[in-house]
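Some features that TrEMBL has for this protein:
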ACT_SITE  H278  active site, proton acceptor
BINDING   C286, C289, C310, C313  Zn(2+) binding site
DOMAIN    150-455  domain 'Deacetylase sirtuin-type'
REGION    324-353  region 'Disordered'
Amino acid sequence: MDLVPAPSGENPVKTPMVEVEAVDVAEQLNAEAVALEEVASEFGSDSDDSDGDDALSEDGEIIQFMRDDQLQDVPGACTLEEAMAYRKRLHDIGKAAFVEETLVRETVTAKKLCTAFGIKLPEFLDGAPDEAYHPLLAIAISREFSRRPKLSQYNTIDDAVKLLQEAKNIIVLTGAGISTSLGIPDFRSKDTGLYSKLAHLGLSDPQEVFDIHIFREDPRIFFSIAKDILPTEKKYSPTHGFIKLLQDKGKLLTNYTQNIDNIEANAGVRAEKMVQCHGSFATATCVKCNFKVPGDAIFDDIREGKVPECSACVESIATLKPQGLKRKRSSTGNQKDRKEFEDSSDEDDYEIPTPGVMKPDITFFGEDLPDEFGQRLVHHDRELADLVIVIGTSLKVAPVAEVPGILPRNVPQIYISRTPVSHTDFDIDLLGDSDVVVSELCRRAGWNLEHHMIPADEKVDITPVEGYESRHVFKVVGA
Ligand code: CNA
């Protein structure tokens with residue numbers, strides 16, 4: 001991803017929506033074996049465009065990673081404190097200066113330094129000269145350098161509350177998790193997410209439901225599940241209410257939402273405060289003639305699981321006279337479309353055009369995100385943001401998943417969700433139902449977040465996650 005603002009008019013984040021195989025560090029740290037072919041001899045480069053994985057290939061030797069708590073079991077490894085200090089130093093001074101200060105001046109061996117970046121020392125290098133560890137170290141350094149480092153001064157709930165109170169320009173990045181309490185399934189939650197329910201569609205990968213190529217081939221697949229995401233009434237969750245509260249307090253810079261349910265509007269979040277990164281059901285467009293309608297014009301069809309047809313196409317087809325139609329091809333020609341009108345008396349002789357399908361204006365995998373996403377993020381919000389709150393998303397869909405990494409590294413970032421992510425380092429992780437987390441944060445901030453789903457006498461228990469200074473689990477007492 002281009003981190004340098006593009007010349008004005010160009011969209012720097014004009015990347016089609018894709019599911020990222022986000023490097024799951026948790027899995028890797030569980031001794032995931034990754035392959036190493038050739039490694040970069042690029043110790044001198046400070047460019048931030050390689051994420052370490054670039055130097056990995058399917059072939060070759062094996063690199064394994066270890067968790068920080070395993071450092072103590074490795075003879076000669078850095079202590080956790082040393083490891084943290086090396087990582088911080090790397091981010092402070094850059095790759096070239098870091099290598100100069102360590103390897104070149106021989107203040108530490110490459111072997112020991114590998115452990116600072118989580119490399120599990122491979123047995124095949126036992127007894128090898130220190131230079132043999134350089135390739136591994138190159139990968140480890142590049143990998144660490146491309147990660148946004150956690151800001152060490154933000155850890156506690158009090159820190160989170162203070163950040164909320166003091167911030168003036170908050171970016172809120174949301175995902176499907178903020179709507180699940182309203183009964184709208186997310187994608188990836190085990191057992192309840194949409195992906196877990198799609199086996200019956202015979203797709204090789206559940207995300208194919210939202211694949212533009214498959215939609216063009218057979219829109220029925222998408223419309224068979226679209227009704228599950230379409231909100232039935234104008235309701236919103238306490239988390240949507242929280243975003244509105246930030247707006248009321250003049251603190252909301254932008255809500256970048258990946259959600260397509262348009263529920264933010266129900267809560268009163270103003271259109272100019274929002275970027276619907278993946279579009280929404282609010283409007284729909286004919287795939288054939290581009291005729292646009294308000295989303296609710298096709299909601300009845302969607303709720304019945306029908307494929308909505310374009311009314312403009314239907315009208316123009318109705319005015320066509322048989323003379324205006326092409327003669328149908330012989331039996332060896334194209335197969336007739338199943339949606340041809342059966343009431344046409346000339347059906348046997350003429351090729352009857354079919355109306356286009358109305359596609360809700362949501363971004364499918366393989367389609368570009370709305371221009372506003374990249375433009376606003378890079379050319380406007382990037383400079384202004386003083387706090388980022390990411391809520392209810394697994395951050396697995398690019399380019400939105402890249403947002404935390406694009407913002408200036410000194411801007412604090414808070415993550416609120418049921419499940420932690422490990423491919424991005426947030427400063428504070430607040431785990432649990434987002435409605436519970438935000439209502440407790442508001443309580444502690446002295447803010448009034450009123451919502452019928454928040455019981456007046458709600459008491460929330462917060463427990464730290466062992467081994468993580470900045471990770472906390474929120475649970476309603478008695479729940
Ligand atoms: P996802 O990958 O399913 O992740 C959802 C995340 O939210 C997971 O980490 C869950 O653990 C977490 N979560 C679920 N419920 C809660 C809760 N009550 N409180 C806190 N955390 C919770 O979905 P993403 O949003 O990351 O993926 C982006 C996709 C999902 C976008 O393309 C959307 O268009 C798409 N989507 C949207 C909707 C919607 O508009 N409501 C529904 C389903 C999918």
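Just so it is clear, glycine is given a Cβ too, placed from its N, Cα and C backbone atoms.
All protein chains considered, the CB of C286 (Zn(2+) binding site) has 20 other CB atoms within 10 Å.
Ligand 1 lies under 6 Å from the Cβ of the following recorded positions, listed in sequence order from H278, C286, C289, C310, C313: H278.
Compute the center of the Cβ atoms of C286, C289, C310, C313, which mark the site for Zn(2+); besides them, the chain residues with Cβ within 8 Å of that center are V287, K288, N290, F291, E309, S311, A312, V314, P355, G356, M358.
Here the binding-site residues are C289, C310, C313, and the one ringed by the most other CB atoms within 10 angstroms is C310. When secondary structure is read from DSSP and collapsed to three states, C286 (Zn(2+) binding site) falls in the strand class. Averaged over the domain 'Deacetylase sirtuin-type' (150-455), the predicted model has a pLDDT of 87.
Rounded to a whole number, the C-alpha distance linking C310 (Zn(2+) binding site) with H278 (active site, proton acceptor) is 22 angstrom. For the pair formed by C313 (Zn(2+) binding site) and H278 (active site, proton acceptor), distance between Cα atoms is given as 26 Å, rounded to the nearest Å.
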